[in-house]
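Report on the structure given below.
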C-alpha cells in the first residue's frame with residue numbers, strides 16, 4: 001500500500017523526445033557481427049563437442065542417471081502396452097500405404113528403436129516429477145500414422161500402379177503380379193522415406209523448426225480431417241470385398257467413390273459381415289477402455305485380440321477359399337539387410353517428400369503442444385525435427401515408410417506409467433519378436449479386419465468436425481481456413497491440397513494486415529491512458545490533436561491504406577486542401593505578375609512608405625482567394641503564405657500523433673509513405689509526431705534515410721502521453 005501511495009504521489013518526470021532520450025539514456029550503437037566473433041562461435045572445443053553430442057544423442061545425458069528402481073517397471077508395462085498396439089496398427093497402416101504388411105512391422109520397429117537414441121527426454125532424469133525441464137519426447141510415441149500412410153499410398157498408386165504388373169494367364173485373363181509390384185513399391189517408398197528424413201534433418205539443423213508455424217492449428221485439423229476422409233474411402237473396398245482400380249490426382253477421391261458405388265452389387269457378404277462385427281466389437285471395447293481408464297491397469301488390447309481371433313477363425317474355417325474373403329498372405333519372418341535407396345526416384349517424389357516431411361512434423365509438434373500444456377514442459381521443436389528426420393532417414397534403408405507421432409499410442413504410454421524412451425525400446429522389442437517368430441502366423445488374417453481397425457481409429461479425427469461450431473463462435477477467419485483446407489484437400493488430393501491450404505492461410509494473414517482496425521484515440525480523464533473514442537465513452541479527444549492508431553504493423557501491402565485511413569479519420573480532405581492551396585498560390589503568382597506589369601507601365605517611382613492599392617477580387621480569381629498587399633520594396637510572393645492569408649479553411653487541429661506501438665517493422669515503401677505523410681500535413685500547417693516507436697523500428701528508419709532537417713527525432717516520443725504533453 002505504501003508503495004502504491006509513493007507511486008501515486010511521484011513527481012511528474014520531464015517530457016523527453018527520442019533525441020533527448022538517447023542523450024540521457026546513452027543509447028548504444030548497433031553492434032555488427034564481426035568475422036572473428038563468428039569464427040569464435042564455430043571454434044571446436046571440448047565443451048562444444050560435448051554439447052553437440054548431447055544435442056544429437058540426448059540419451060547420453062539422461063541414461064546414466066536413469067532411476068531404475070523408480071521408472072523401470074512403469075516403462076516395461078508402458079512399452080509392452082504400446083507394442084501390443086503397434087502390431088495391429090503397423091499391419092493396417094502398411095495396407096493403407098499400399099505396401100506388404102511386413103513393412104508396417106518394420107516401420108513399427110526401426111523408427112521406435114532409433115527414437116530412443118535421437119529423441120528428446122527430460123533434462124534431469126533423477127527428478128520423479130514431470131517438471132518444466134522435460135521435453136517433447138517424454139510422451140510422444142513415434143510410428144506409423146494414418147495420414148502419412150495415406151499420403152504414401154496415393155504416391156504408390158500413381159507412380160507404381162498395379163496395371164504396370166499385369167500378366168496374362170492362359171493367354172486370356174490378366175492378373176497382377178503382386179510380388180513384383182510390392183517389390184517396386186517398397187523400393188519407391190524407401191526412397192521417399194529417406195528423402196523425407198533428409199528434409200527434416202536439414203530443416204532441423206538450419207533451425208527451421210518454426211516452419212511449422214505456417215501450419216496453423218485450424219489448417220492442420222482441417223487437413224487431417226480431410227485426410228481421414230481419404231483414408232476412409234480407401235478402405236471401403238476392403239470392407240465391401242470388391243476389387244477396385246487405383247486413382248490418383250485431383251478429384252481422385254470422387255472418382256474412387258463413383259467406382260465403388262458401381263461395384264456395390266458385387267459386394268462380398270462375408271467380407272462385409274466380418275468388417276461390421278470387427279468394427280462394432282472394437283468400438284465397444286474402446287469406449288469401455290475410455291470409460292474405465294482409471295480402474296484398468298492398462299487398456300484392453302482389443303485390436304490385437306480381434307486380430308488373433310479373426311486369424312484363428314480364418315485359418316480354421318478357410319475363409320479365403322470358402323467365402324472369398326481376402327487375407328493378408330505371406331509375411332516373411334526375420335530382418336532384411338539395409339538397401340540403398342533408388343536415387344532415380346528423387347526427381348519424381350521430391351515435392352511429395354517435402355510435403356510428407358512437413359505434415360509429419362506438424363502432427364508431431366501439434367500433439368507435443370497438447371502434452372506440453374498438460375504437463376508444463378518445453379517443446380524443443382528443432383531437436384524433435386532432427387530426431388524424427390533421423391528415424392525416417394535410417395528407417396528408409398530398412399524398407400520402412402515415413403512415420404510421425406500417434407495420439408492414441410502416446411496416451412497409452414502416458415496412462416500406463418511410461419517415464420522415458422526406455423518404454424520405446426520395450427515396445428520395439430515386442431515388435432521384433434513378432435517379426436522374427438510370430439509374424440508368419442498372421443498370413444490368414446482377413447484384410448477386412450485391418451480395414452476395420454483403420455476406420456475405427458479415425459474416430460478421433462472425425463471428432464474434429466466439432467471445430468466448426470467452436471470456430472464459428474470464436475474466429476470466423478480461422479473457420480474459413482479450416483473449411484477451405486478441408487475442401488481443397490478433398491478436391492485436389494493430399495499433396496496439392498496441402499500447398500493450396502498453406503497458400504490460402506498465408507493470404508488470410510496478408511488480408512488481416514491489410515484490413516486492420518484504425519482508430520482515433522482519446523484520453524481517459526485524469527489518467528495518461530489513451531483509448532479508442534468510439535469504444536470508450538470516457539475517452540475524450542485532446543483539443544487540437546488527432547491521435548491515430550492502427551492495430552497492425554505497416555509495410556508495403558498496407559501502408560497506402562494506412563495513409564488513406566489517417567486522412568479519412570482526421571476529418572479533413574488533406575489532398576483536396578493541398579490542391580486548393582496550390583491553385584491559390586498559382587493565382588496569387590499570376591496576380592503578382594499582373595501588378596509588376598502595371599508598375600512597369602506607370603514607370604512611377606515607389607516610395608518606401610507608399611503602398612500599392614489592393615486590386616479588387618475578380619470572378620475569375622475564384623472564391624476564397626485573398627489579395628496580399630505588397631510593400632514598395634516587395635517584388636515577389638511572400639515566402640510562406642498561410643492558409644488563412646490565402647483565404648482557405650484551416651484544419652480544426654494543429655497536430656497529429658501516430659501511435660506506433662503495434663508497428664514491429666517498416667520497409668522502404670512504408671518509409672517513403674511516412675515521409676509523404678509528414679510532407680502533406682506540413683503543407684496544411686499540421687505537425688506530425690510519432691509515439692511509442694520501438695528501438696528496432698527507429699534503427700530501420702535510420703537505415704532507410706528517413707530522418708532529415710525537416711524530420712528529426714525531436715518529432716518522436718517514447719509514449720503517446722509524452723507527445724501530448726509536449727504539444728500542449
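Placed from the backbone N, Cα and C atoms, the Cβ positions cover glycine too.
Here is what TrEMBL records for this protein:
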type: DOMAIN; residues: 535-727; note: domain 'STAS'
type: REGION; residues: 593-622; note: region 'Disordered'
type: TRANSMEM; residues: 91-118; note: transmembrane segment
type: TRANSMEM; residues: 138-156; note: transmembrane segment
type: TRANSMEM; residues: 188-215; note: transmembrane segment
type: TRANSMEM; residues: 269-288; note: transmembrane segment
type: TRANSMEM; residues: 353-373; note: transmembrane segment
type: TRANSMEM; residues: 385-409; note: transmembrane segment
type: TRANSMEM; residues: 421-438; note: transmembrane segment
type: TRANSMEM; residues: 482-511; note: transmembrane segment
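The stretches the transmembrane segment (91-118) and the transmembrane segment (482-511) do not meet in space: the count of Cβ pairs below 8 angstroms, excluding pairs fewer than 6 apart in sequence, stays at fewer than three.
Long-range contacts of the transmembrane segment (353-373) within the same chain, counting only residues at least 6 positions beyond its ends with a Cβ under 8 Å from a Cβ of the stretch, are 136, 138-140, 142, 145, 147-148, 151-152, 192, 195-197, 199-200, 203, 209, 211-212, 215, 217, 220, 223-224, 379, 381, 384-385, 388-389, 392, 402-405, 407, 410, 414, 494-495, 498-499. Remark: the transmembrane segment (482-511) makes no contact with the transmembrane segment (385-409), by the rule of 3 or more CB pairs under 8 A. For the transmembrane segment (188-215), the list of distant contacts is 97, 99, 103, 152, 155-156, 159-160, 223, 339, 341-343, 345-346, 349-350, 352-354, 356-358, 360-362, 365, 381-386, 388-397, 399-402, 502, 505-506: same-chain residues at least six beyond its ends, Cβ to Cβ under 8 Å.
In the predicted model, the domain 'STAS' (535-727) shows an average pLDDT of 82.
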